[in-house]
Amino acid sequence: MQIRRHCVLIARKRHNAIFSSLPIGSLTLSRLPTVSFWHFLPPLLLLGGGLLVCALSGLNAFFGSLFDVLPTLLLLLGGAFCLVYGRQRELLLLLILYLLYFVLDEQLDYFREQGHVRADAALVFHLSCLLLPLLYGLFALWRERTHLAQDLVARFAVLFAVGIVAMALARRYPQELERWLSLVRWPGLYADWMTLMQLAYPAFLIAGMALLAQYLRVPRPLHAAQCVGLVGLFWMLPNTFIQPNALQVISSLSMLMIIVGVAHEAYQMAFRDELTGLPGRRALNERLQRLGRNYVIAMADVDHFKKFNDSHGHDVGDQVLRLVAGQLRKVGGGGKAYRYGGEEFTLVFTGKTLEQCLPYLEAVRQALEQYPIQLRNRAQRPGDDRQGRQMRAGTCASSVSVTMSMGVAECTDVRLTPEEVIKAADKALYSAKSAGRNCIRSHGQRRGAMRVSPQVS
Ligand SMILES: Nc1nc2c(ncn2[C@@H]2O[C@H](COP(=O)(O)OP(=O)(O)OP(=O)(O)O)[C@@H](O)[C@H]2O)c(=O)[nH]1
């Protein structure tokens, strides 16, 4: 790695935007944005599918019976899954959704059989509309603690206490409670479309904003699923007695969103490298099993990374690895980047020759070399954007650049295994390091380090 310290006038907008100042000791470095549309895609697809099913006039016998048992099935299977993997938060969310389904389904059954609602239907419905967003929000925001058993007991205790108090009040003061719940407190804020009791709207709003804030602070598939789930429940409640399948379908799908969120995160844990967000070694091993006949593998290693760690600290080193991963992720030519381990990365190209891949690798190498990493002192951070612009234009900032060496090998013989190709790429990487670093060397190349101009077609 070649470290250059010099005064820089930061002209590149992209650079400024990306350096969103993550404090690391006395330094600040970039935090790559991690909010992703893909986190929302599975729950949105489930919600869309659910709304479509609800819009159909009636489900056939098979789907009717399926949705009748689905909430119970999801609670049992999803609950067992969450319990085994210590996901108490999700377990309790499933339980809350199931309890809501159970309570309202009893009312619906009575309504269908008798042709009129039960005497306590309004009270039960209003209570559900108030308690659901509050409990869902509370339990979704309640972070898991280290002591799993204590955590689980605390959650059950809170749920139990709320349930007991609500039931006691409903039994002891049914009319007063119903009147209190259905009161229009803010007539000026009342609109025709508001078919739920008025208190439910601020409860949903607060829960929704808190869940969104949680997602923005920690963007995770599960947090996205919780947000979309709340939207589904907000749609479901006013339609419970109007749309025949709304309760079963949306309750089931909200539970499924939580389970899919847990499964999505479990997959990410197994196959994604947490630090860089790139697919990890396990994902690479899977990919190696189905590479076909023609492929190229490049091993890339950050130069003098130990020195960088020693001079700037491990945390800054971590940020640099993220930045390197961000550049590698952009490699063209259909290449896919993986974190091999430590400061080593692997790039895999399929259906291409080594000559075809080299310009893409060279483009990445150059992009990284030319990318200034600005190290700022936290104490000198500007108070606002204007001040920041002035400071960037007028002061000296400490800037370093990171370089990497690469070794490339190609599968030319069907008898070669991917592991042998990786070994060959590793040898070429070693040659690139010996040749002075910050260059690309391909397997079989005898002398000198290869530098090719990035004529990417
Ligand atoms: N910050 C940080 N450092 C890491 C991580 N993984 C490995 N390292 C460090 O990477 C460094 C690798 O050092 P070396 O293998 O000696 O390689 P190098 O200093 O890059 O030297 P050359 O490869 O010869 O250019 C070690 O100091 C490791 O501690 C990580 O996830 N984060």
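Going from the start of the chain as shown, residues are counted 1 onward.
Quick reminder: no glycine exception, Cβ is built from N, Cα and C everywhere.
The transmembrane segment annotation in TrEMBL covers 40-63, 69-86, 91-111, 123-141, 153-173, 193-212, 224-242. As annotated by TrEMBL, domain 'GGDEF' applies to 293-445. Summarising the annotation, TrEMBL assigns region 'Disordered' to 376-395.
Confidence over the domain 'GGDEF' (293-445), given as mean pLDDT on the 0 to 100 scale, stands at 85. Within the chain, the transmembrane segment (40-63) has long-range Cβ neighbours (under 8 A, six or more residues past its boundaries) at 221, 224-225, 227-229, 231-232, 235, 239, 243-246, 249-250, 252-253, 256-257, 260-261, 264. Counting only same-chain residues 6+ beyond the ends of the transmembrane segment (91-111), those with a CB under 8 A from a CB of the stretch are 71-72, 74-75, 78-79, 82-83, 117-118, 121, 124-125, 128, 132, 135-136, 139-140, 152, 155-156, 159, 163, 226, 229, 233, 240-241, 247-248, 251, 254-255, 258-259.
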